[in-house]
Structure formats: structure tokens, C-alpha cells
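Contents: one structure, followed by commentary.
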Amino acid sequence: MSQRTEHNGSWLRNAGSLLSVLACVAVLASPASATPASAAAAAAPRTDDYLKRAERILKFTPLIDGHNDLPNFIRKTTKNQIYEGKIPFEDELPGHTDLKRLRKGRVGGQFWSVYTPCPDPPVPIDNPTWSVRDTLEQIDVTKRLIEKYSRDLQFCGDARCARRAFRRGKIASFLGIEGGHQIGNSLGDLRRVYELGVRYITVTHNCDNAFATAQSTVADGLPDTGLMKPFGIEFVKEMNRLGMLVDLSHVSANTMRDTLKVARAPVIFSHSSAYAVSNHLRNVPDDVLKEVAKNNGVVMVTFVSRFVNVENPDAADINTVVDHIFHIAKVAGWDHVGIGGDYDGTVYLPKGLEDVSKYPHLIARVLERGATTQQVRKLVGENILRVWTEVERIAKRLQKTELPNEAYWEGRNWTRPAKRDLNADFEGRSVPLFTSASNGDFCD
């Protein structure tokens, strides 16, 4: 064999070896030969992918939050003065909510809470307070804020308006009252605030009233007497007749149960979570969740750290809230869960949900946990809109056969005497204007 032939044969042998090595490398690099772990990692969607999915859903489905306390923030910080730059709503406010962050959070609709606190110290139910006056002021400032920023916000009083506003690129804005004390325990005042645009009333806040027992009463070790009878029942009936959403956040467990027995329309929990996940009395027990499903209502999950993780509020994070969402969906069904953050109503929020800009991140986590697009659409807005539409439909039917309810609290004093004697000088004689016979019961 010549030197050249030997050299060529050596080259061919080396080339064949090189090709064999390259073939092995190609086989090892192919998907079929990849390890299960590496294949799963390559196929698994990234967090960014879930966030993009969440953004797409919120582009076509309005995210409607059940409870935001921005009006109370305005009351406390500016005494309800919103003009001349006192509330730069288009910029970043110190609290949790402003236009910039609402837009970033893809908010499509918001129930603004026109909250005023329970009397402190507590007073007898029939004692006069400033609660009704303060409530009217909160309605006023909220409507003025909506009007001032009408390029971005639209005041709405029904579910159809909410959808129209969303299609126009505006944030639909609704009003909710947080406690029966705010209407003076009066069905007449209930009707008046409905006329002003209020569309839900929380039956109690953190105080009992003439309608029902609050969870705070039970937390103080007092009996859970539930819905007051008969006046509380008449209150619920009149709310149903009006088309006012009955909100059961803040009420005691027996008030929840009693109300669900007598309600003629779906109820809501505007900002409550699951008691089985975190056993705080502000949350909803499983037996009540099952009744909410039968009632066709909705529980809108709140974010308050001490409610969603009663054992260790500091450890609460975005996944804790997802736990509550999935528990309610498991017990009541995906048709009966929503979102009610309680922004600007607390200073204690879970990590990852620090302000209203974080909703897409929450929805991304819900998708990552395994929820379908349709389930998420129900969660963010379709459920509360369905409930509201049904409440309106039932109200129209009831109004055809029922007159406004004239019930009143049995303990009410209808002839409240003046606190001081006002004397009038009549023909030179001092004559008592209010006598024991009249008891001050006239209005000349």
C-alpha cells in the first residue's frame, strides 16, 4: 500500500469516527432523548406567559372589584375637597388607588364604598347620630370625583351601563354603603339613597343595628342573634323590591344564614374570604358558601392580610388569596366567586397585592394554579354582573305587585322631645312652647 493510499484510508477512518460522534450528539440533543425534567421545563409556560394571558382576558372582560374605600381616604385627608389639585387622582396618591394604577391594574368597574364609621362609643340604636349626614356627604364627594374625571370614569346604576362603560374604555363606577347605621335604620332612607345611586348596602358594619347582628359583636363574646325579626326581614324584602344588592360582608354567621333563608334575590359578599382557609369571623363558613350557591349569589374575595391569614398575617401573600379563591370555587363553584380587595380600607395587604395595579398578577397566579379562561372571566366580572342583572330582573317583577315597605323598628321613638324648654312670650306672659301634653310633637 502506498503512503498516499494509507493516508487516505486513515482520513476516511477518522471522518467516519467524527460522523459517528456527531450523530450521537444529535441524538442526545433531540427532544425524544431529553430527560423528562428538561422536557417539562421546556414545555411549561413561564410566569410572563400567564401574565400575558391575564392581560388578554382583562382586555375583553371587565374586572369589577366589590369594595374600595377611596372615598373615605379622601374624607380623612382633604375633608372631601377634591378641586384645585387637592386630590391629584391622575397622579400617584399616597394610598392604594389612583387613575394611573387603576389603568395599570386593568380595572373595568369599581364599587366605591361611601363608608362612614359606626358611632364611637356605641350608642343605642335609636339615638340620633351624624351617620346619615356623613353618608350623604360621601355620596356627594364620590359622584363629584367621578364627574371630575369623566374622561376615565363613568357613573353607573345598572349592570348594562357597566358593560357599556367598559366597551367605551371607561372604568364603570358604582356606589355601596357599608352598614345599616348609615341609613338611620330607616326603610325610607333606604329608598332615598337608592334614588341617589347607591346599589348595595352592607347589612351591618362593625356594630349591630336595627336590622341585624354584626360579626364584631360575636367576636366580643356576645350572642349571635342573627337577622333581627321582624324588621331585619322587612329590610331584606325591601332591598329586593328596590333592586338593591344585599351585601353580607361584616355580618355574623347567623345573620348570613337568616338572610339567605328570606332573600328573594341573589346576595353578595362584597369583601369576604373563606372561613375554612382562615378562621376569622369576617370570612364565610362552608355551610354558608353552599347556600350562596343555591341562592345564585357571589362571594368576592378580600385581600386584607389578617382576614386571609389569621394565624400569621405577615406571612400572607398573593398565593394566600389564590387559596381562598380556589376554596370558594371548590365549595360553591366558579359561578359564585369574585374579587373585593378592600383597597384603601386597610393598611395590611398581602405581598404581591400592594395596590390596585396588581390585579393582573393575581389573575396570572389563578391561571397558573389551573383555572380555565372561562373560569377566570367569571371570577373577575361575569359573576357579579350576572348577580346584579338577576337582582334587577326580580325587582322589576316585585314592583308590579308590591308597594314601598312601611315597616319600622319597634323600638323607635316617634315623638322625640326637645332637649331644652323653649319659651315664647305671648301677650306679655311666659308660655311654655313645649308642654308635657304635646311632648314637642309639632313643627310650627
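If you go along the chain as it appears here, the first residue is 1 and each next one adds 1.
Any Cβ shown, glycine's included, is placed from N, Cα and C.
Cross-referencing Glu137, Glu147, Glu178 against the Zn(2+) 1 binding annotation in Swiss-Prot, which names His67, Asp69, picks out Glu178. In Swiss-Prot, the Zn(2+) 2 site is described by Glu178, His271, and among His250, His280 the residue recorded at this site is His250.
Checking Asn8, Asn413 against Swiss-Prot for the annotation N-linked glycosylation site singles out Asn413. Among Cys24, Cys118, Cys443, the cysteine that Swiss-Prot records as disulfide-bonded to Cys207 is Cys118. Site annotation (Swiss-Prot, ligand substrate) includes His205, Asp342; from Arg144, Arg282, Arg412, the additional listed residue is Arg282. Just so you know, the Cβ of Asp69 (Zn(2+) 1 binding site) picks up 24 other Cβ atoms within 10 Å once every protein chain is counted. When the recorded positions Cys118, Glu178, Cys207, His250, Asn413 are screened for a Cα within 10 A of the Cα of Asp342 (substrate binding site), none qualifies.
Between Asn413 (N-linked glycosylation site) and His250 (Zn(2+) 2 binding site), the C-alpha separation comes to 27 Å.
His67 (Zn(2+) 1 binding site) has its Cα within 10 Å of the Cα of none of the recorded positions Cys118, His205, Cys207, His250, Arg282.
What surrounds the Zn(2+) 2 site, by Cβ distance within 8 Å of the Cβ centroid and not counting Glu178, His250, His271, is the set His67, Ser113, Tyr115, Gly179, Thr202, His205, Asp247, Ser249, Ser270, Ser272, Asp342, Gly345 from the same chain. Secondary structure at Glu178 (Zn(2+) 1 binding site), as computed by DSSP, is strand. Remark: Glu178 (Zn(2+) 1 binding site) has His67, Ser113, Val114, Tyr115, Thr202, His205, His250 as non-local neighbours, by Cβ distance under 8 Å and separation of at least 6 in sequence.
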